[in-house]
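**Student:** Got a structure for you, written out below as structure tokens; questions coming shortly.
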Amino acid sequence: MKKIAFYGKGGIGKSTTASNVSAAFSEMGKKVCQIGCDPKNDSTRLLLGHICKQTVLDAVRDSETGEVAAEDIIHTGFHGIKCIEAGGPEPGVGCAGRGIIVALDLLRSLSTLEEEDIILYDVLGDVVCGGFAVPIREGYATDIYIVSSGELMSLYAANNIAKGIQKFAARGKVRLGGIIGNSRNVMQEKELLEEFAQRLNARLIQFIPRDRSVNQAEVNRQTVIEWAPDSAQADVYRNLAKKITDNNELNVPTPLTFAELENLVMKYGNE
Ligand code: ADP
Ligand code: SF4
Ligand code: MG
């Protein structure tokens, strides 16, 4: 079983990329489960065709006995993909990180995911707090991919996530599988992301163009793989899925300083 996590700044395209990659894995005949670890709860929307109706934390809250059954929290999406949302607290109340700990502990105790070929965690990476580090700290995921554009704040979040991976790699199996570049059309973005990845002791595993088909598919609550299966963009996601499946170049990252990040952005942004 491959245990993968996508991390990255909020709004950078983690859930869109994760859902398309999950769809591509399932086309390859793999049994896939995608787990959203973001209080937004929308990780699996494009696979389910709607917002998840019951998150793990909803089920825990609604249960009078504290018992939660697998069928309460595992929802079936496109191509039979298993979809789970950890859920989060009411806005302004409680700790979202704690919610992820509760949700993942519960999933482990249910042990219904042991048959899967691939488990893909989609994790918010703005706050590298104890809660959001759980998927890597507790060994739930070993192969980490960071989604980033060439914008400074996205690179800043990516670099922080790399610091977390470096720390936990020292005592476990967690490794960085690569940077997934999701374009925001900034200057020389691919070259910038290639150098960023290389300086992190990683590689840019895929550069994903910014494309209207992603927005059209989103409006129709579908992945690009489902909405426009013959498009070039669908092939980009299939390509990424194949590279992730075959990847055996996973490394311990070497994060940059903030000044180094700024210089990197300046080097490509000014040319
Ligand atoms: P995150 O999960 O990181 O918060 P989302 O996957 O929800 O981010 O994406 C944020 C927005 O960006 C969505 O509206 C999505 O459709 C859009 N988006 C993501 N990737 C692309 C892309 N390659 N081209 C065009 N729009 C994109
Ligand atoms: Fe919880 Fe993390 Fe927020 Fe701290 S930073 S309150 S651990 S979600
Ligand atoms: Mg998301």
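Heads up, the Cβ atoms here are built off N, Cα and C, so glycines get one too.
Whatever TrEMBL says is automated annotation, not expert-curated.
Values in this document were obtained by computation on a predicted structure and should not be read as measured data.
From TrEMBL, here are the annotated features:
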- Gly8, Lys9, Gly10, Gly11, Ile12, Gly13, Lys14, Ser15: ATP binding site (BINDING)
- Cys95, Cys129: [4Fe-4S] cluster binding site (BINDING)
- Arg98: ADP-ribosylarginine (MOD_RES)
**Student:** Give the number of CB atoms, excluding that of Gly10 (ATP binding site) itself, located within 10 Å of its CB.
**Tutor:** 13
**Student:** Nearest to Gly8 (ATP binding site) in three-dimensional space, by Cα, is which of the recorded positions Cys95, Arg98, Cys129?
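**Tutor:** Nearest by Cα distance to Gly8 (ATP binding site): Cys129.
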**Student:** Cβ atoms within 10 Å, counted per site: which of Ile12, Cys95, Cys129 has the most, among these binding-site residues?
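**Tutor:** Result for the most crowded candidate: Ile12.
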**Student:** Ligand 3: which of the binding-site residues Gly8, Lys9, Lys14, Ser15 have a Cβ closer than 6 angstroms to it?
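**Tutor:** Near the molecule: Lys14, Ser15.
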**Student:** Measuring Cα to Cα, tell me the gap between Cys95 ([4Fe-4S] cluster binding site) and Gly11 (ATP binding site) in whole angstrom.
**Tutor:** 20
**Student:** When the number of other CB atoms within 10 A of each residue's CB is tallied over all shown chains, which of the binding-site residues Gly8, Gly13 has the maximum?
**Tutor:** Gly8
**Student:** Ligand 1 is in the model; which of the binding-site residues Gly10, Gly11, Ile12, Cys95 have a C-beta less than 6 angstroms from one of its atoms?
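**Tutor:** Once distances to ligand 1 are taken from each Cβ, Gly10, Gly11, Ile12 fall under 6 Å.
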**Student:** Measuring Cα to Cα, how many angstrom lie between Ser15 (ATP binding site) and Cys129 ([4Fe-4S] cluster binding site)?
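**Tutor:** Here the two Cα atoms are 20 Å apart.
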**Student:** What number of additional C-beta atoms lies within 10 angstroms of the C-beta atom of Arg98 (ADP-ribosylarginine)?
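**Tutor:** For Arg98 (ADP-ribosylarginine), the count of other Cβ atoms within 10 Å is 16.
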**Student:** Just how many other Cβ atoms lie inside 10 Å of the Cβ on Ser15 (ATP binding site)?
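**Tutor:** Summing over all protein chains shown, Ser15 (ATP binding site) has 25 other Cβ atoms within 10 Å.
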**Student:** For ligand 2, pick out the binding-site residues Gly8, Gly10, Gly13 that have a CB under 6 angstroms away from one of its atoms.
**Tutor:** none
**Student:** Which of the three DSSP states, helix, strand or coil, fits Gly8 (ATP binding site)?
**Tutor:** strand
**Student:** Taking the centroid of the Cβ atoms of Gly8, Lys9, Gly10, Gly11, Ile12, Gly13, Lys14, Ser15 (ATP site), which other same-chain residues have Cβ within 8 Å of it?
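**Tutor:** What remains near the Cβ centre is Leu124, Gly125, Val147, Asn182.
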